[in-house]
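**Student:** Copied straight from TrEMBL:
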type	residues	note
BINDING	Asn65	NADPH binding site
BINDING	Ala78, Thr79, Lys80, Pro81	NADP(+) binding site
DOMAIN	13-107	domain 'Pyrroline-5-carboxylate reductase catalytic N-terminal'
DOMAIN	170-274	domain 'Pyrroline-5-carboxylate reductase dimerisation'
Amino acid sequence: MAVVAAPGLDQLRVGFVGAGRMAEALAQGFIRAGKVEAQHVLASAPSDRNLCRFRALGCQTTHSNQEVVQNCWLVFFATKPHVLPAVLAEVAPVVTTEHILVSVAAGISLSTLEELLPPATRVLRISPNLPCVVQEGAMVMARGRHTGNSDAELLQTLLEACGQCEEVPEAHVDIHTGLSGSGVAFVCAFSEALAEGAIKMGMPSGLAHRIAAQTLLGTGKLLLQKGQHPAQLRTDVCTPGGTTIYGLHALERGGLRAATMSAVEAATCRARELSGK
Ligand SMILES: NC(=O)c1ccc[n+]([C@@H]2O[C@H](COP(=O)([O-])OP(=O)(O)OC[C@H]3O[C@@H](n4cnc5c(N)ncnc54)[C@H](OP(=O)(O)O)[C@@H]3O)[C@@H](O)[C@H]2O)c1
């Protein structure tokens, strides 16, 4: 079958097979950024549990996964990983070489996706994280053997509506899961501990948690906008004999850096284990 050139973003119909938290986060980002019109989004799931939120956004919904693939040439597969092989077997008869199929499922490799779909299907994997919900996701994507530059560029342009997205070799996807997918929980643990230090010193809880979260947000923005190494910014904040160096010494005694590196290592190893590598 001939490969047809992809239409522009204005004519884009985007499908979601699986309509849970991650699918909704991506759809919301595309619609809010004006990249896709809500009525051009079609989502499927077995129940109405999550589909009702898509309808509230103005999207079309169905219980038929095949209907999504028949009506959209760009389709995101956002079911839990263990469900995905059966879902791909179900839609495979209606997949053509015109489709661009994007898997969000953690731990399912590009070669597995290609094996489960017809020959020469254009597939990509993306690894998102939960801040996609507020358009501040840190995502990576990797492309399959039959996916061209224009397919990858189109997906990247679309995903920018949900945060930052960089194309990487597939080997980096599991590391991204350890750094950024699970990293959201590590950062939450740090934010909680930061706030609890202030609560211990007498600050009201709500205020301490708001200030801790804003401190993380502001520091992240500063690092990205200045493009500096974190060590540089840390040094800038550190007055000799001042408060920060006393605090940093306490963090070093507690082994914060070694514990954080071990956390990313452990989460990456677990992602690799779950991928069956
Ligand atoms: N959440 C994260 O932070 C995160 C980060 C990175 C990657 N991911 C990946 O994103 C994927 C989705 O995660 P999630 O948190 O969004 O899951 P979720 O909220 O549980 O959503 C799963 C969706 O799949 C639907 N589904 C179940 N069986 C189906 C079938 N046979 N055909 C079509 N749809 C079916 C569910 O239907 P119902 O609505 O009827 O229940 C639900 O809408 C996972 O593969 C995960 O690895 C998630």
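Even glycines carry a Cβ here, placed using N, Cα and C.
Because TrEMBL annotations are produced automatically, they should be read as predictions rather than curated entries.
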**Student:** About how far apart, in whole Å, are the alpha carbons (Cα) of Pro81 (NADP(+) binding site) and Asn65 (NADPH binding site)?
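**Tutor:** Cα of Pro81 (NADP(+) binding site) to Cα of Asn65 (NADPH binding site) measures 16 Å after rounding.
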**Student:** Counting only residues 6+ apart in the same chain, whose Cβ is under 8 Å from the Cβ of Asn65 (NADPH binding site)?
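**Tutor:** Same-chain residues close to Asn65 (NADPH binding site) (Cβ under 8 Å, separated by 6 or more) are Val17, Ser44, Val87, Glu90, Val91.
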**Student:** Return one of helix, strand or coil for Ala78 (NADP(+) binding site), based on DSSP.
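**Tutor:** Assignment for Ala78 (NADP(+) binding site) reads coil.
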**Student:** Long-range neighbours only, meaning 6 or more apart in sequence with Cβ under 8 Å: which ones does Ala78 (NADP(+) binding site) have?
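**Tutor:** When sequence neighbours closer than 6 are ignored, Ala78 (NADP(+) binding site) has Phe16, Val17, Gly18, Ala19, Gly20, Met22, Ala23, Leu26, Val104, Ala105 within Cβ distance under 8 Å.
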**Student:** Which of the three DSSP-derived classes (helix, strand, coil) applies to Asn65 (NADPH binding site)?
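**Tutor:** It is helical.
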**Student:** So around the NADP(+) site, Ala78, Thr79, Lys80, Pro81 aside, which residues have their CB within 8 A of the centroid of those CB atoms?
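**Tutor:** Output for this site, in sequence order: Gly18, Gly20, Phe77, His82, Val83, Leu84, Val87, Val104, Ala105.
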**Student:** Mind looking up the mean pLDDT for the domain 'Pyrroline-5-carboxylate reductase dimerisation' (170-274) in the predicted model?
**Tutor:** 96
**Student:** Going along the chain, which residues six or more apart from Lys80 (NADP(+) binding site) have their CB under 8 A from its CB?
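**Tutor:** In sequence order, the residues whose Cβ lies under 8 Å from that of Lys80 (NADP(+) binding site) (at least 6 apart) are Gly18, Ala105.
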**Student:** List the same-chain residues at least 6 positions away in sequence whose Cβ sits under 8 Å from the Cβ of Thr79 (NADP(+) binding site), in sequence order, or say none.
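**Tutor:** Correct list: Val17, Gly18, Gly20, Val87, Ala105.
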